[in-house]
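Marked as FAD binding site by TrEMBL: 105, 297. What TrEMBL records for 213 is substrate binding site. Residues or ranges marked as domain 'Amine oxidase' in TrEMBL: 44-321. The transmembrane segment annotation in TrEMBL covers 361-382.
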């Protein structure tokens, strides 16, 4: 168990603990597992994120094993040709003439019949519906007429983006493989700027590289360094991790500093703080007139991932079809069809994981145990008093 606050605990399955490099963990290691698990999955610190939201986040990705695994899990595959193909294929279907780049929207006006979308470059567009697939905090930059409902207006001010710098260190050869290592590691060092690394060599063996995440608070700490300073620190860190000076001989370094991105504000997704879901959870996907909300943070499965972004976009499109009378309301929310080529296989589970009670069930068990304990204590006291 990893303590998240003075009131709550987070249970980490043993398989995940072993994946993170810990066996027979003591209190300190358990605390560290919880922090690392939160850092890598939602690019936030444990004291920043809502426990309720984080548990939901892991659950809607299929559980802790599924979200973390590089085999039969969320970290398993990459796109041949790059993930930008998702956007490119959508653009092909829409027609490139309908896709307008460099048209930053600044205001949205609506009435009962139509919408008006104004851009910073002065262009104005009229339409019947708007799908807003913009990260929640960036929606505060838009002007709405009429103004957003009060809860929606508060919602978009209370969910910041996560913090991460994704780094790639290229070498002339995969020295880690020559040493018998996979290239994947969890770095348990408070002073290290990177916690998680993976080998990122191309499938044909070319361009050997190690990918590393600078996560959450560390990203905010080390973002003040120059790119070259981060590169040098990472090289020295890898030399320490792999115990070889070969790690110092990088031939190229690339990074994506998501903290500096003007049009996303961070990565991977929004971070929902304590109290957010219970106060605003029902508002996240609720349309405002003819404005419909998409984006991966509004997904119900694989929120925070590209799969979630696609699901959310399809759901928003079905909301419009319903408004136009083309589908029934029951058709708006649909489960994504299973990929026939990439089917998730079940993970082996322990007896406790298979039979863990729900919150309500746990409270009932505790209530019964407490009642039984009181009854036993009363019986013992009665016997002693009687004698």
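Every residue, even glycine, has its Cβ placed from backbone N, Cα and C.
Caution: TrEMBL annotation is automatic and unverified by curators.
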Ask   = What average pLDDT does the predicted model assign to the domain 'Amine oxidase' (44-321)?
value = 94
Request  = Please report the DSSP secondary structure of residue 105 (FAD binding site), reduced to three states.
outcome  = strand
Remark   = Rounding to whole Å, the Cα atoms of residue 105 (FAD binding site) and the residue listed as 'substrate binding site' are apart by 32
Task = May I ask for the distance between the residue listed as 'substrate binding site' and residue 297 (FAD binding site), taken between their Cα atoms and rounded to an integer number of Å?
result = 21
Remark   = For residue 105 (FAD binding site), the number of neighbouring Cβ atoms whose distance to its own Cβ is within 10 Å equals 17
Message = Taking 10 A as the limit, how many CB atoms besides its own sit near the CB of residue 297 (FAD binding site)?
response = 23
Ask   = Near the Cβ of residue 213 (substrate binding site), how many other Cβ atoms are there if near means within 10 Å?
value = 20
